[in-house]
Amino acid sequence: MKTLLLTLVVMTIVCLDLGYSLICFISPHDSVTCAPGENVCFLKSWCDAWCGSRGKKLSFGCAATCPKVNPGIDIECCSTDNCNPHPKLRP
């Protein structure tokens, strides 16, 4: 009986993957460990008045869910470590 209980405890820990936190970029070269409950990395891009000369503005980060899409804003969401790199730094 003790062996069965120990096996169940070990299986529960393995299945729950306790302590895992997602890692996301917050700038082109810096990443952070996301807070508990933040299971998505995102990359937002949009044009401002200088888009033609400077390119799109970018925002990186962690979120609980993929941010809402608004007109003129592109959003990419993903759920693996460092999956939201700067578009020019992608492999």
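Cβ atoms are placed via backbone N, Cα and C, with glycine included.
Annotation source Swiss-Prot lists disulfide bond at Cys24-Cys41 (among others). Its Cβ placed at the centre, Cys41 (disulfide bond) has 27 other Cβ atoms within 10 Å.
Non-local contacts of Cys34 (disulfide bond) by the CB criterion (under 8 A, 6+ apart in sequence, same chain) comprise Ser21, Leu22, Ile23, Cys24, Cys41, Cys62. The feature disulfide bond is assigned by Swiss-Prot to Cys34-Cys62 (among others).
Non-local neighbourhood of Cys47 (disulfide bond): Lys56, Lys57, Gly72, each in the same chain, at least six residues away, with C-beta under 8 Å from its C-beta. Annotation comment: Swiss-Prot describes Cys47-Cys51 (among others) as disulfide bond.
The disulfide bond annotation in Swiss-Prot covers Cys66-Cys77 (among others), and the record cites similarity to another entry as its basis. According to DSSP, Cys77 (disulfide bond) sits within a strand segment.
Note: Cys78 (disulfide bond) has non-local neighbours Val40, Cys41, Phe42, Asn84, i.e. same-chain residues 6+ apart with C-beta under 8 A of its own C-beta. The disulfide bond annotation in Swiss-Prot covers Cys78-Cys83 (among others).
Swiss-Prot lists 1-21 with the feature signal peptide.
Annotation note: Cys83 (disulfide bond) sits in a coil segment as assigned by DSSP. Comparing Cα positions, Cys83 (disulfide bond) lies closest to Cys77 out of the disulfide-bonded residues Cys51, Cys66, Cys77. According to DSSP, Cys66 (disulfide bond) sits in a coil region rather than a helix or strand. Mapped onto three states, the DSSP output places Cys51 (disulfide bond) in helix.
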